[in-house]
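**Q** Dropping a structure here in structure tokens format, bear with me for questions.
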Amino acid sequence: MAQSSSSPRTAPSPAGPSAQAASAAQPSHGPLHQHVLGELRRRIVSGTYAIGDSLPSESSLCAEFSISRGTVRQALGTLRSEGLIGGGQGRPPVVRSRAVPQPFETFLSFSRWAAGVGRVPGQRTVEVARRGVHGVAADALGLEEGTPVVEVLRLRLLDGVPAMVERDTFIEPVGRLIFEFDPDTGSIYDHLISRGADLHAARHVIDAVAADETDADLLEVPAGAPLLRERRTTRNAVGVPVEYADDRYLPELAAFTIDNTQDTSLSMVRFPTASAAAASLVSPTVGRADAAPFTDLTDANSVTDPNQEPSE
């Protein structure tokens, strides 16, 4: 049996001339540190650099990417702020997490979030169907059972790897616009907005859920595996619900954080649920929200008085 060591191992750079050439290739556009940041982030999330590993030294990264030490430090600083690595003050950076933070303002678009963190978004559409609404979606949208809606089921990918199962239910006047669009080609939200859909505000509820058979099949995990779930109700400018979503992430691939400043406030209201205590967070600023299980996150656009508790 191999002996274990208390000191973290140093993660290797990608092996082979072709891998090194691809890594060191200079981007044709955009800041150079963003290229380096995206590649290091990809290696961390993919597991090439495992949790507990030390990253290659600054000099090694400078040589691999043909960049200056300042550019390397800029990229490493961003990874630290995202919570993906730790260390500093003369110590080598160590991988702390594989979960990429999801900015609050990009909750509505998985594609925008993925691109914003240097990842390649992808999707595989399982179903787009017009049918009668029922259950939780009917309640969230304020519709009678059986009212026609448009439902979408997609598998979302990060760099070609399964990351999230997306279940969307749109009111029919909005959802019908999806039938003129190929959901395998990109962002449904970008298409809807380009067609004039009013997606003004959203409420998000974050909790944990066991993978059902559909989740297990699409995400390639055992049935019952824990998933991070984000349920979202999107409203138009006059407050009418237009979409209800149930998105289920692999927990090692997503995290939710919130940033506040001194000129804004964050109020918290606790209320019980059937299974656990829940927290409702209302922020008057669009930031990022720390999402412990059973956390209700309300988009700033839907809050008129930061001191007023949200009504259900």
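Using N, Cα and C of the backbone, Cβ positions are placed for all residues, glycine too.
Predicted, not measured: the structure shown is a model, and the values here were computed from it.
Taken from TrEMBL, the feature region 'Disordered' covers 1-31, 292-312. Look at TrEMBL and you will find 1-28 tagged as compositional bias 'Low complexity'. The domain 'HTH gntR-type' feature in TrEMBL is assigned to 30-98. What TrEMBL records for 298-312 is compositional bias 'Polar residues'.
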**Q** With DSSP as the reference, give the number of residues of the domain 'HTH gntR-type' (30-98) in helix, strand and coil.
**A** 36 helix, 5 strand, 28 coil
**Q** Limited to the domain 'HTH gntR-type' (30-98), I'd like the whole-number average of pLDDT.
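**A** Averaging the confidence scores along the domain 'HTH gntR-type' (30-98) gives 85.
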